Amino acid sequence: MADLQQTPTSLCCCRKALPVSGVSGAPGGRCVGDSGRPLGGPGGRRCPLVDVASTSNFSCFRLNHLHLDLRLNFAVKEMSGWLVLDLVPVQPGVQSLVLDSHPSLLIHSIDCKVPGSGQEDPMSLTYRVDPFTDYGSALNISLPEAAVGPGRLIQVTVRYTTTDGPAIWWLDSELTCGQSRPLVFTQGHSVCNRSFFPCFDTPAVKSTYTATVRVPDGVTVLMSASRSLYSKQDRVFQFSMEHPVPSYLVALVAGELQHVDVGPRSRVWAEPCLLSCAVQKLGGSVERWLGVAEELFGPYLWGRCDIVFLPPSFPIVAMENPCLTFIIASILESSEFLLIDVIHEIAHGWFGNAVTNATWEEMWLSEGLATYAQRRITTEAYGEAFTCLETAVRLDALHRQLRLLGDNNPVSKLQVKFEPGVNPSTLMNLFTYEKGFCFVSYLSQLSGDVRRFDSFLRDYISEFKFKSVVAQDLIDFFLRCFPELRDTAVTQREGLEFDRWLNGSGPPPYEPDLSGGGALTRPVQDLCELWRTGDAPDLQAVMTFDLSTWSTFQIVLFLDRMLDHSPLAHDVMLSLSGCYSSLFDGLNAEVQIRWLQMVVRNTFYPELPRVRAFLQKHTSRMYTVPLYEDLVAGVMKCVAVEIFYQTQRRLHPNLRRTLQQILFQTNQNGALPTNQNGAPPTNQNGAPPTNQNGPTLSVINSTPSSQPSNANGTSGAIALRDVNVSA
């Protein structure tokens, strides 16, 4: 999944300690995976698996299948229908079924059938909704004692209606790209789908699913499914996912969508006004990338590899929904970022979707491995230099985050236990991806040969496909495949202990050699040195570097490193503007936003009109939030407020609320905090106060934005992966 925002207040993607296989403190537990395999390696059974983000009693049941039957009502922005769960109790004496739910779900009735019991009529069940956290609730269903027994199938049907929940994004026509018809999409990662349908909302549980969706005329529905049918007469779409997936990977989008096939097993979907551009950008590349990935990691297991481009309101960069990757249309501006985004989501077909982290505390098992796989694919497809350049940009961002947070901050651990009630969706960070990538790269280096490690990853997928795993599964399997490393106690090498990797804070103990990208990164470093002297450099020396011939990632690396050295002298900014501003203005948004952040952080007023024009054009969260945070953190807050009022009608309500929080320090309902008299607080000038601790944590629908924080405490513009992000 595409990466989400990290700020000092957004703690971490959480991990649990290597020697301990469970985390205490949540209801329910699970000793075996969904396949019946003990969670762990050959060392014996471990503690029950606990997911503190789920209130469900998923350990008590085996979920064989789920079915959704829904009707979409765009006029009132509701989905209504029912959910059917095929469940088999795996423990004796189970008297209740507890599902993850959300206050936005209106439950109408619940009943159950017991196939083979001789009773054809369903039995009505009593239930109650209990509070859990601010991102969900517990749906506690009483089961008929006489009908429930270990190994006996029961079918539970929940009839419900959705209201305004975090998983479901209704877009009015004005907020779509074509502005002609409304659109709706769902975003389940990581714990949002409990507001789409009641479920075991934990990655430890996987099942197949089917769905029937009824829609108004002219609406096309897509889902993350391997098969689909459409009855035009009844306006009914039917879907089937034949492989088991966790709840967060059940996804839906419906609107005015058209498609073009771009390969034998891939097609591009988009609104009509976007379709030709999307097809032109991707061409036949998807099949090429799939072929490279299959050579490295084994067969692609999901059949279809379709891509749907969503309007700028999509809250993250991309999401690896099986068979149907969701990706934000804004990224079409940059071919290189588009390439990385799509390849990363393809990599999730193996790492994250086929083999999934069993809890959100071990998200690096998906994101770190997917990032490594993404870079293996780009190395094979585009060469080592390209991959090293892209990796340098990401690792720069990782070290920028470390400078901001400090080496001892627990956010920099791969595995940090998070407490019940903390929303995993707010805990995505660079370490999930980049420190995880470095650990996987270290395992590759230990294997002695990258091709040998490719073979190990193929075997890993074959061993654990369609299962959920913990970190110890990966480590045990690695040592089993490389017994010579196990015999030399590789896990205890001084300074590189596996426990230090997983539980130590600070930078990665090992980073891969990026010298293979020197031909692309050295010119960037040399140019940075010319501009970092403190005075305006010799322009003749500067002009020997022709940035018009540079790739996007080279320019991004240059601007990121110059941002690290802000504030710059006014003469330096004047020279930078004279040399590059017109060039940057004609390039993609990934370049433009970095230059404009330099403009804002250095209070360079001559370029302020470009900031205005950019924010009036772009309504994507990934581009608006970083600039607004920088404007508020400096002396240009009045400019930010003015632009916000000019553009707010074209912003998604969730983004509008986020920007109100940034600009006015409002609460999450969009209201100003009040003083003891009930009036909004003001500063000495009568204006709403600014944040004394830097920008606010930006969260929309429990899903943060897609930008990492930079050394100044404001968001950078690096659109990192899944999240995606993936998730």
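Cβ from N, Cα, C; glycine included.
For Glu345, the entry in TrEMBL reads active site, proton acceptor.
Annotation source TrEMBL lists active site, proton donor at Tyr433. Of all Cβ atoms in the shown protein chains, 35 besides its own fall within 10 Å of the Cβ of Tyr433 (active site, proton donor).
Per TrEMBL, the feature Zn(2+) binding site maps to His344, His348, Glu367. The Cβ of Glu367 (Zn(2+) binding site) has 35 other Cβ atoms within 10 Å, all protein chains considered.
As annotated by TrEMBL, compositional bias 'Polar residues' applies to 669-715.
Here TrEMBL flags 519-663 as domain 'Peptidase M1 leukotriene A4 hydrolase/aminopeptidase C-terminal'. Within the model, the domain 'Peptidase M1 leukotriene A4 hydrolase/aminopeptidase C-terminal' (519-663) carries an average pLDDT of 95.
If you look up TrEMBL, you'll see 669-717 marked as region 'Disordered'.
Note: the CA-CA distance between Glu345 (active site, proton acceptor) and Tyr433 (active site, proton donor) rounds to 13 Å. Across the fold, the C-alpha of Tyr433 (active site, proton donor) and the C-alpha of Glu367 (Zn(2+) binding site) stand 5 Å from each other.
Glu345 (active site, proton acceptor): 31 other CB atoms within 10 A of its CB, across all protein chains. Residue counts for the domain 'Peptidase M1 leukotriene A4 hydrolase/aminopeptidase C-terminal' (519-663) by DSSP state, with H, G and I taken as helix and E and B as strand, are 113 helix, 0 strand, 32 coil. The local packing around His348 (Zn(2+) binding site), expressed as other Cβ atoms within 10 Å of its Cβ over all shown chains, amounts to 31.
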